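J.: Have a look at this one before I ask anything.
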Amino acid sequence: MDINLCSAHVLGLMIHQQRKKNAGGPAAARGGGARGCSGPQSLLPPRPGRAARAMSQPAVLNAPDPLLPPFAVAVCIACVAGAGILCNFSVITALLKFSNNGLSAIIIQLAIADVLILCILSGPELWFFNIRTWNFGHNCCTAFRGLSVFASTASSYLIATVALHTIATINLEEKAMERKMKRNRETEDEEIKSSHHSLVANSDSSTPPRTMNLDYRLVDTTVRVTPPVLFIWILSASLSIPEFVLATTININEKVSLCTSIDSHHKLNTISWLATFNLILPGTIMCITGVIVISKLLLQKRTLSDQNKESVSALKLSLCLIILYWIFCTPRSITTVYRLYSRSFGEDQISSFESEKLDGIISPISLAFSGTFMLAAALRPVLSMLLLPKLKNVLSNSTKYNERYFNT
């Protein structure tokens, strides 16, 4: 059988060489035939061992089975995304109408990023990890990969900005209180030195007693939010440009299609930048700010008064957002970076992408972490409603007004 196979291969090579303009002689054909008999060539049919290995990968050759019932996943996406979008739009509307401070501006933009996550990112991502094939076309793949990086980067940095803005505002309040106490001490020293003024002040019952309380609402504690927020959106857009440009769909076979980005020259550099600015840097900032927020929160609770309740509420919101990020969002970022790095170090990019995306272990983990990421985008506006007194009052008053309107 080996003799017949080599003869057939020699005949095929001779026919192929005759079709070329600069075909070689019979010796070249015989040389090619000898090489075909002595070792494997690209024109030889696949060896039985290779065919057996190909048959052992049904996830790549056949359409993979969904991890969960598609109808159940669709219902879950619709419910969570719908509720999250409704809550985010409620927060945006209430803050635009009744609040104009820096913290409100940051929360509004965080809600916008969460709407992008719920509308564009979470649905296709969860669906893809569940059925393990891309069914939304090339244009949707480009939008999905670019907006995924854009929205997730903006969301993580805006969470850190909420905490940093709150810390800066409280520092200004503390400095204002120190200046107020210093002025009070200087005034008291001057009154003690002047006995006449002291007697008049003590005999005048209409003079109000001096206190050390400071109304934070009357103190200029404005912290500019435009520069950091503008930097966040520019950084998010810059990191998303490579995904918009390099995103594409590849067909493994007739039933399996994948959404990926292919760049054989700068892939590792792109992934390194993405891992640094989308995972390592925001995670480090949140670790540091989380420790500072906890210390500030403990200090503010010791001196709790009516004037600094808003500061305490902002600190609580910042801490809850950071904890929510670490529990619900960081696992997805880690698995995303792991998948990209594992694919970039493979010899064959497409084959490594197949084993990475269609693997029976990676896909359930990615599906679970993507679900928690979507849930975090839906929970963030709920935390803002519960922990910010002004926003809570505005929403409750709006609810009461709507009830009266419909009852009448």
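Here the Cβ of each residue, glycine as well, is placed from N, Cα and C on the backbone.
Reproduced below are the annotations present in TrEMBL:
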TRANSMEM  71-96  transmembrane segment
DOMAIN    84-384  domain 'G-protein coupled receptors family 1 profile'
TRANSMEM  103-129  transmembrane segment
TRANSMEM  149-172  transmembrane segment
REGION    179-208  region 'Disordered'
TRANSMEM  230-252  transmembrane segment
TRANSMEM  272-299  transmembrane segment
TRANSMEM  319-341  transmembrane segment
TRANSMEM  361-383  transmembrane segment
J.: Please work out which recorded stretch in 71-96, 149-172, 230-252, 361-383 has the most C-beta pairs separated by under 8 angstroms from the transmembrane segment (103-129)?
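T.: Against the transmembrane segment (103-129), the leading stretch is 71-96.
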J.: With the transmembrane segment (361-383) as the reference, which stretch in 71-96, 230-252, 272-299 has the largest tally of C-beta pairs below 8 Å?
T.: 71-96
J.: Determine which residues of the chain contact the transmembrane segment (71-96) at the Cβ level, with the cut-off under 8 Å and only residues 6 or more beyond its ends counted.
T.: 104, 107-108, 111-112, 114-115, 118-119, 122-123, 126-127, 130, 371, 374-375, 377-382, 384-385, 391, 394-395, 398
J.: Please work out which recorded stretch in 149-172, 230-252, 319-341 has the most C-beta pairs separated by under 8 angstroms from the transmembrane segment (272-299)?
T.: 149-172
